[in-house]
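Novice: According to TrEMBL, the protein has these features:
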DOMAIN    313-401  domain 'Histidine kinase'
TRANSMEM  21-42  transmembrane segment
TRANSMEM  48-66  transmembrane segment
TRANSMEM  78-95  transmembrane segment
TRANSMEM  101-119  transmembrane segment
TRANSMEM  124-142  transmembrane segment
TRANSMEM  148-170  transmembrane segment
């Protein structure tokens with residue numbers, strides 16, 4: 001229970017800071033108007049250069065304190081409220097003839113801020129009463145009782161207006177923060193669904209592999225039993241014919257098993273070797289096509305499992321496309337890890353194609369699959385191809401160490 005309470009308090013403090021951060025622009029404009037009005041009133045009455053410099057320093061401290069607190073979790077909001085209230089009081093007292101503008105402007109602003117940082121009406125009223133008390137004390141001290149009543153008539157409607165605006169503004173900010181949190185949770189859930197989908201597909205292929213081997217071995221056992229029966233009866237020609245059939249069946253089963261094993265080569269993220277898988281894929285490509293493929297690979301460490309799996313399959317599909325469609329004489333593969341990002345480039349000097357036509361024509365499911373895998377990895381892909389000039393596929397994927405392992 002205590003852990004949940006601590007998490008809730010931390011979330012509320014973070015939301016408070018986010019709301020202050022969202023209000024930076026209007027707050028800065030309000031402070032600037034208040035500052036300018038105070039200086040004008042003071043200079044009209046009697047210019048005080050030293051007081052103006054000190055007042056400017058206090059206003060700068062007020063702004064820096066607000067700027068520092070906005071965007072960060074507020075550990076003790078009441079300390080911020082009290083410090084700002086006292087700072088405004090001292091600032092106003094420095095400018096004897098311009099203090100009404102400072103008191104009215106900045107205390108009204110602080111009341112509006114209290115709406116944003118407090119969720120309970122009791123705390124908002126308490127902080128508002130604190131600011132009104134400092135306002136009355138400052139005006140009474142600097143201007144007298146008669147001016148206090150006049151400035152109260154000016155301030156109270158302004159406080160109501162600003163508080164109403166603050167309620168609407170921070171309500172929108174809170175709604176936006178909740179929406180962003182929901183979207184982030186939705187993205188995390190979507191990534192988990194993607195991982196589960198990949199795992200389910202792997203399990204399905206594993207079952208297919210099992211069924212293929214099982215059926216092949218069962219058929220082989222039956223043929224061997226038939227051979228044994230014919231040999232026992234002395235029918236060697238029939239036995240030899242069955243043996244030949246069994247050998248052919250074994251070859252077919254072995255070919256099917258190898259194909260399934262190739263599809264399941266990356267059995268798990270923990271055991272996957274990206275460099276080895278890429279080298280094996282390039283070797284298979286060169287052996288099957290005779291097209292030389294020049295590889296440059298610079299990896300600084302182990303990659304997350306999801307990147308290993310999808311990255312390998314992306315490279316495999318690109319090389320397959322080169323073998324089937326490009327009619328290339330050479331191929332180049334560059335893999336580089338830098339600044340927590342993985343860069344993959346596959347290039348050929350083949351016939352090329354028009355990327356704009358891939359969405360309008362059938363038979364480009366491989367390229368669509370590559371785009372889908374890049375999207376799962378939250379990366380970006382760029383396909384450049386020109387007729388008779390070859391094709392270049394560039395992929396950039398963020399690396400989050402320890403994720404998807």
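Placed from the backbone N, Cα and C atoms, the Cβ positions cover glycine too.
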Novice: As a test: from 21-42, 48-66, 124-142, pick the stretch that has the greatest number of Cβ pairs under 8 Å with the transmembrane segment (78-95).
Specialist: 48-66
Novice: Kindly say whether the transmembrane segment (48-66) and the transmembrane segment (21-42) touch, using the definition of 3 or more Cβ pairs under 8 Å where each pair is 6 or more positions apart.
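Specialist: They do touch: at least three Cβ pairs between the two stretches lie under 8 Å.
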Novice: What same-chain residues lie close to the transmembrane segment (124-142): Cβ under 8 Å, and 6 or more beyond its ends?
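Specialist: Long-range Cβ neighbours of the transmembrane segment (124-142): 81-82, 85-86, 88-89, 92-93, 96, 99-100, 103-104, 107, 110-111, 114-115, 118, 148, 151-152, 155, 159, 163.
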Novice: Write out how many residues of the domain 'Histidine kinase' (313-401) are helix, how many strand and how many coil, based on DSSP.
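Specialist: Computed counts for the domain 'Histidine kinase' (313-401) are 29 helix, 32 strand, 28 coil.
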